[in-house]
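The annotation transmembrane segment is assigned in TrEMBL to 51-75, 95-115, 122-141, 147-168, 180-201, 207-226, 306-329, 349-367, 374-396, 416-439, 451-471, 483-502. Among the features that TrEMBL reports, domain 'Major facilitator superfamily (MFS) profile' is placed at 56-506.
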Amino acid sequence: MNKTQEIVNGNTHVTMEKDRELHDEISNFLQSVTNRTTEEKVTMVDVIPQIVCSCILHCMAIQVGINMAYATVLVDGLESDNIENIPITETEESWIASLVTITIPIGSIISGPLMDRFGRKMISLLCCVPAIVSWLLLIFADSISTIYAARVVAGIAAGLSTVGLVYIPEITHPKVRTIIMCLVSAFVSLGILITCCLAIFLDWRKIAIVFLALNCCIFFSFLYVPESPYWLACFRNGMSDKKRVCEMRRSLRRLNRKQTMYEREYSRILEAYGNRTVSDEASESVVASVKSYYHSFTFPEAYKPLTILVVLFLLQQLTGAYVVIFYAISVFREMGGTFGRGLDENSALVMLGIIRFVMSLITAFYSRRYGRRVLCIVSAIGMAIPMFLAGMYMHFTVSYDENGNLQETMVEQKWLLLFFVLSYICTSTFGFVTIPWTLIGELLPVSIRGIGASLMIAFAYLIMFAVVKSYPYILRCISIEGIFFFFSFFSLVATAFVYFFLPETLGKSFADIEKYFKKTETRNATPRRP
């Protein structure tokens, strides 16, 4: 036993010596690159390969939007179509809508270890498989249990799509990473719009056939994208394996055609490799891997961003950013249903969808110029003001009779109430609906990015499910007026949290962000420029 321990200690000592030598080589290389390169100028033409690959990966976000909107199409089809012999109850209707949200954390949790073990590209391909299976189940569904199974599988597929939030930041240049990551919300909104448009012309089974074909196309498009250079360098022997180094260089060259960009990104990868805090050797045991991951979470560059993200996602839900989307028609009906000038709840719903999509694109554009902090602060303040005004409007113009029916005193001015709510949707999409998701791939260090991202996605959807599920009960207790004031209050809380604790990531490399969390307390809002 003692001899075995001596051998293990000896091997560990040799490994540590090799790591020191490699770290010295990396430091020398980084110094040489820094000395001979100035601030790089990057144009959109230079990053076209990165944009193309990112948009291909963003197609998984289209599937998330489809899952949100398809529930309404499916339920409406089952209730109105006399040809289909699949009757549903009110309880079954609610489960059809919510099963995807409940099962997304399952796919999200397993995606982290899988993407670290087998690579970002492989798991991207894998997430298409359950999505395809879910549409096949819906096409041939003849019972409610089959529909349940399809929704569960669709949720797992959506959870596996977490890999996109990890892969895209790893292949994009810091100067364009912000705008590309913000496009994820636009792709989700695009999925919602596509589903709503198809519902005008096709029934739910034919729509399932269309989406089956779409997912097959997405699967084959994933074959085009290269593996993440960061994963090739930092996991499974990484820079110690010459074959993986060659593959990493090829991948890096495909994504960075310009020589100066290639050299600069190569230096960033080497720096990330030198700063890694977890070993991911192929021969490592499961127990050792778990211990290694646990140890990596104790470093400030890991637990500080995780804490920020946990609070940010909690505030995202408490500000009502998703509740209003999930219960849009219900909210509009609680406001009276008709708003004058030919507007009813259905017209308002269409306007909500259009605003969400357009604002997602605007957010992506402005995020490159103003960064995360400014957008989040403007968004939170912009949510607090219209929600407060909507609450005050309801307080002074609306009352309830003995039966709980709405009694209005300013019917001709109800368009103003709709304006407040749509303004809230507009400003929420400008920041708090979009930014927290994109920060997952930026704030977390590469050593825990896979499993950390999966845990954060799981947490976010569990909180979303809890808040969305409890909304009807809270509404019954405090009315829609109280809901508006509730959202306004937590929007102000979110403003303060972002101002004091959220660091800016615009233009920062992963190494810069890690250094910020290592050297500063989370109360310092902006990391220093290198």
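The backbone N, Cα and C atoms fix where each Cβ goes, and this holds for glycine too.
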Any chance you could find the range in 95-115, 180-201, 207-226, 306-329, 416-439 with the most Cβ pairs under 8 Å to the transmembrane segment (51-75)?
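Per the Cβ under 8 Å count, 180-201.
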Need a quick answer: max count of Cβ pairs under 8 Å to the transmembrane segment (207-226), which of 122-141, 147-168, 180-201, 374-396, 416-439 is it?
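It is 122-141, which has the most Cβ pairs under 8 Å.
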What residues in the same chain, six or more past the boundaries of the transmembrane segment (306-329), come closer than 8 Å to it by Cβ-Cβ distance?
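For the transmembrane segment (306-329), the sequence-distant neighbours (Cβ-Cβ under 8 Å, at least 6 residues beyond its ends) are 68, 297, 345-346, 348-349, 352, 356, 380, 383, 387, 421, 424-425, 428, 432-433, 436, 439-440, 443-444, 452, 455-456, 459-460, 463-464, 466-468, 471, 483, 486-487, 490-491, 493-494, 497-498, 501-502, 522.
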Who are the long-range neighbours of the transmembrane segment (374-396) in its own chain, taking Cβ under 8 Å and residues 6 or more past its ends?
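For the transmembrane segment (374-396), the sequence-distant neighbours (Cβ-Cβ under 8 Å, at least 6 residues beyond its ends) are 319-321, 335, 363, 366-367, 416-417, 420-421, 423-424, 426-428, 430-432, 435, 479-482, 484-485, 487-489, 491-492, 494-495, 498-499, 502.
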Taking all residues of the domain 'Major facilitator superfamily (MFS) profile' (56-506) together, what is their mean pLDDT?
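Mean model confidence (pLDDT) across the domain 'Major facilitator superfamily (MFS) profile' (56-506) is 80.
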Short question: most Cβ pairs under 8 Å with the transmembrane segment (451-471), which of 95-115, 349-367, 483-502?
95-115
Counting only residues 6 or more past its boundaries, what in the same chain has a CB within less than 8 Å of a CB in the transmembrane segment (483-502)?
308, 311-312, 315-316, 318-320, 372-373, 376-377, 380-381, 383-385, 387-388, 390-391, 394, 424, 432, 471, 474-475, 522-523, 525
State, in range form, which of 147-168, 349-367, 416-439 has the highest count of Cβ pairs under 8 Å to the transmembrane segment (180-201).
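Answer, by Cβ pair count: 349-367.
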